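> Can you keep this structure in mind? I'll have questions shortly.
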Amino acid sequence: MKRALFVAEKNDVAKGVAAILSNGTANRREGRSKFNKIYTLNTELFGQQTAISVTSVSGHMMNFQFHENMSNWQTASMVELFRAPVRHVVTPEMKLIEQTLREQAQRHDILVVWTDCDREGEAIGAEIVKVCRDSNRRLDIFRARFSEITKAAITRAARNLIRLDEKTVAAVDCRSELDLRIGSAFTRLQTLHLRNRFRDLLGQNDTSQVISYGSCQFPTLGFVTDRYKMIENFVSEPFWKLIVEHTRESHKVEFLWDRNRLFDRDTVDILHDECKETKEAHVEKVAKKPKSKWRPQALDTVELEKLGISKLRMSAKQTMQVAEKLYSKGFISYPRTETNKFPAGLNLTPLVQQQTQSNIWGDFANEVLQNGVNPRNGRKSDEAHPPIHPLKFTEKHQLQGDDWKVYELVVRHFLACVSQDAQGEETMVNLTVGTEKFHASGLRIRDMGYLKVYVYEKWGNRLLPTYTEGERFTDFELKIGDGKTQAPDFLTEADLISLMDKYGIGTDATHAEHIEKIKTREYIGVRPDGKLIPSFLGLALVDGYDDMGFAMSKPDLRANLEIGLKEICDGRRQKQEVLDEQIGKYRAIFVESERKIGVLSQSLQRYLDKNNQAGGGPGGPGGGGGPPRGPGGGGGGGPTGPPAPPKPPAKPRGRPPRKSISPAVKNGHDDPENDTIVTLSEVFGSMSNPKPARKPRAPRKSAAPKEQEEEEEVFCQCPEPMRAVTKVVQKEGPNKGKKFYTCSLPYTSSEKCNFFKWA
């Protein structure tokens, strides 16, 4: 009888696979690690009875490390970290699992990898293969592809085994090696320099604060600091607007100005006076049209994380940890997916049928079955996993706390997705007073549709009284409203994930990990309301590299790497090609950064000085570390961190220009004939320069009359422009006597345009 070893990524998955393939009769025994059991069973594999042992690892077993001669921070050359040899070794905490795999590999003929079907899962599978093959070179290696722990999915995977995707493994190895080299070099550079300059703050021994760098975490930090600075530098600007209020049928209706708002009070006063002269409002148009509120698209990882943050008040990391637990226990499908459209061949009706048992949403599930299962699909597919959806029914008392909250979210989202849009009727009333146009809208809900189950969104009636097209009325009140422009809000974790997804920083599977890392390193803090604020250390790091002329906190460099990794996965580029290219870019920046490193300490000193004067700022430390699975990135943060940020200190405006003339630096080859010469101009020349945040407009000054040597020919904005007429402000006030241009048509004309310009 053949003997096969199945190895899953987690013990819960191993347990589920064994239970399904044995119909619940598998035997359990202990492995070397108490957390990773061994399950034994007999079943058919490749058309013949096979004795199978099922065990597991706990995420990544191995990582890239430098040799011992590069481990001393004081003596090893930092720039050599870009070309020094590295090795792929089993980490100390995984030694017991390694021992189990070696022992089991010797006793089996076939190895089947049952890790998660994503990039990291493929790389973990390659680590399992390496350990097992070192023990038994004769092993025949296969890979099972599945997206859920169900009988159908596991049985299908066991009958359709494939080989590991070596291109995907190469992409992960490329990223891991780059993270080690880049993170180690910049972490040592900035930590040693800042420790030396700020001994009291950071200490000087091996347990002191590590100022770590990661090529994904730094752009993530950059998004937070950019928003913080945008808010701090925001200049509020006053504005004015016209409002028409009218009461009918006991409803007070506010008609909004079609111009929205203007930033010049005098202009608004003039337009207000013109409207007052008319003394009546004319209903130009009353239109009714169907209005729909679309049900949500099928659920992918990014949307699950964002919903977990905004609706469940959980962090992205917590949401994904719970989702993975639910997946391992067979409650939901694989939660790390970029797909938001269900494949045509997937029968969703049985999944809806299961949920009819619920005393919470069972009636809605029955309604979905009566109307027909009709998923709203997006356009994305990773060609590996379906959207996240429930696999089996459970009740609230069977899941506790966050487990239930995430399960409920997945179920409600799924039922909403496969149901019907909410339907209503919108009424739009267009009003004219003098030369100015206004509008009001109402909404009457006719069918709540998906909103009956999707409690995370609201859509309410907004009733309007009856208006008749062409009618006129005088019992209205014309007002001038005022306000000030508001700064954007601080980012939430959901906002940050959206930006990371938009600019290609990390993947859907790693966004939460990167955010947790900059929290742990205390580069950002989280306010009680969930808003993210940089610490002054985070601000100083970003400013320091900006002042050197390197946009390290911008997404370009890392996004470019993510593109390279995808090209490796697709077979369009080789691992070594991408590795050499990225090492060349970052090494060029490192050489210049090392030369200008004093700028970094100057940046931190400015914030320290400002903090001492102002007594700190609104931020606070974060908490929680990232899970072992996924990318590294240059070391971990220390247990404590500097205070939160003050307002950014005053410093010369603008950034020093990037220097295109710099010493040529070589890549990491030992053979000088094969070295690629890379200059800083080449590093940044291939990507668009990041645009600085737009400076807010200064408040506009009141317009003044123009002195003209000859009469200006001015035309209005009618479809067929006519020469504008000149009028004079008659109202008492600072603008009395000023001339302005307006449309030549009479105020009573419906064709008169809204043109206005000071003369």
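Cβ coordinates come from backbone N, Cα and C, glycine included.
Here's the feature list from Swiss-Prot:
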type	residues	note
ACT_SITE	Tyr334	active site, O-(5'-phospho-DNA)-tyrosine intermediate
BINDING	Cys716, Cys718, Cys743, Cys753	Zn(2+) binding site
COMPBIAS	614-639	compositional bias 'Gly residues'
COMPBIAS	640-649	compositional bias 'Pro residues'
DOMAIN	3-147	domain 'Toprim'
DOMAIN	165-590	domain 'Topo IA-type catalytic'
REGION	609-715	region 'Disordered'
ZN_FING	716-759	zinc finger
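Help me picture where these features are in the structure shown.
When Cβ atoms from all protein chains are considered, those within 10 Å of Tyr334 (active site, O-(5'-phospho-DNA)-tyrosine intermediate) total 24, not counting its own.
Packing around Cys716 (Zn(2+) binding site) is summarised by its Cβ count: 21 other Cβ atoms lie within 10 angstroms of its Cβ, all protein chains included.
For the zinc finger (716-759), the model gives a mean pLDDT of 70.
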> For the binding-site residues Cys743, Cys753, which Cβ has the most other Cβ atoms within 10 Å, all shown protein chains included?
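For the binding-site residues Cys743, Cys753, the Cβ with the most other Cβ atoms within 10 Å is Cys743.
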> Report the DSSP secondary-structure composition of the domain 'Toprim' (3-147) as helix, strand and coil residue counts.
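Final tally across the stretch: 50 helix, 45 strand, 50 coil.
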> Quick one: which of these binding-site residues, Cys716, Cys718, Cys743, Cys753, have their CA within 10 A of Tyr334 (active site, O-(5'-phospho-DNA)-tyrosine intermediate)?
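Those close enough: none at all.
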> Just counting, how many other CB atoms are there within 10 A of the CB of Cys718 (Zn(2+) binding site)?
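The Cβ of Cys718 (Zn(2+) binding site) has 16 Cβ neighbours within 10 Å.
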